[in-house]
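Chemist: Sharing the feature lines straight out of TrEMBL:
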type     : residues : note
TRANSMEM : 41-62    : transmembrane segment
TRANSMEM : 103-121  : transmembrane segment
TRANSMEM : 142-172  : transmembrane segment
TRANSMEM : 178-204  : transmembrane segment
TRANSMEM : 211-228  : transmembrane segment
TRANSMEM : 253-274  : transmembrane segment
Amino acid sequence: MPGALCSTCNRCRSMRSSCGLWRCDVKALMWKELRENRLKIIAGCVLLSIIGLAVSIAYRFLERGIPGMGQIPPEYADLIKKLMPDFSNVNAYLYSQWFSKNLQQVGAILAIVLLGSAVAGERELHTAIFLFSRPVSRGMILAAKVIVLFGGLVLAVLVSTGGAVLGALIVGKAPQSAFVLAATLHSVVALIAFASLATLLSVLVPDRVKAMLFSGGIIIVLSVAGQFKPLRWLNPLTLFGSPNLIISPVPQLVPIVVGVVLSACMLGISHYILQRQEF
C-alpha cells in the first residue's frame, strides 16, 4: 500500500510527496518553530505595543512644551527645541518617534533575536544533525523556519503599530490612514531585510550569539557609514522610507523594491550555503 511504503521508505521523497506526508512533516516543523519561539514573539509583541502606546500618549504632554522654557537662555532653548520631536502634526510625530525611531530600533533587535538563532541555534544545541537528516529537504526546513519567524516579526509590527494608533486616538489625535499604512509597509519590508541578514549569518556562523552580534554589527556599521553623503546608498535605514511619507503618504517604490530584492538574495544565498553544509 502507498501509505505503508511511504512510512517505511524515508529515502523516497517522491513517494512521500504523492501521499502528502511531506506536508505533515512541514507542518510539524512549523509547529516546532512556533513552540520554540512563541515566547520571543509574544514578548516582542507586548514590548513593542507598550512602547507604541506610550509614545503616542506622550504626544499630549510633550506638545505643550517644557515648563519654564521661557526662563532658559535663548541659545539653550534653541538647542532643546531642535532635540524635541516634531509636533507639527500627529503624522510627523509618529514618523519621527515611532516608525523611524522606536519601531526601527526595537524591531531590528527582535528581527535579529528571532532569526539569528534559526540555524545556528540548531548547531549549538546539537540538533542540526537530526533536523537536517529528516526526509524533508533542507530548503523546506529553512522555509518553515522563515515562514514562522518572519510571520511572528510581521505580527509584532502590525500589533504594535495598532497600539501606537490606539494611543494617538486616546489623546484625540487621529493619524492619517494612508500614512500609517505606507509607513507600516516600509517598516515590514525593512525589518524583513534585517531578518534575512540575520538568517544568512545564522547559516554562516555556528554560534547563535555571534550570529546575532555580527548581524547587529553589520547593520550599525552600514548605518553609520551611510551618514556620509558619498556612502548614503549603504544606509539600511533608508528602507524605512523618507520623511516625504508625512507629506505624501504613498509607498516609495525604490526602498521597497530594494528591500524585497535584498531579502530574496540573502535568503537565496542562505539556501544555497545550507544545501552544501555538513552537520
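Yeah, the Cβs are placed from backbone N, Cα and C, and that goes for glycine too.
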Chemist: Give residue numbers and ranges for long-range contacts of the transmembrane segment (103-121): same chain, 6 or more residues beyond its ends, CB-CB under 8 A.
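Modeler: Here the qualifying positions are 37, 40-41, 44, 47-48, 51-52, 128, 142, 145-146, 149-150, 152-153, 156-157, 160-161, 164, 187, 190-192, 194-196, 198-199, 201-203, 205-208, 210-212, 215-216, 219, 237, 240, 270, 274.
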Chemist: For the transmembrane segment (178-204) against the transmembrane segment (41-62), do we get 3 or more Cβ-Cβ pairs below 8 Å once near-sequence pairs (under 6 apart) are dropped?
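Modeler: Answer no, regions not in contact.
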Chemist: What residues elsewhere in the chain lie close to the transmembrane segment (253-274), defined as a C-beta under 8 angstroms and at least 6 residues from its ends?
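Modeler: Distant contacts of the transmembrane segment (253-274): 119, 138-139, 142, 146, 185-186, 189-190, 192-193, 195-197, 199-200, 202-204, 238-242.
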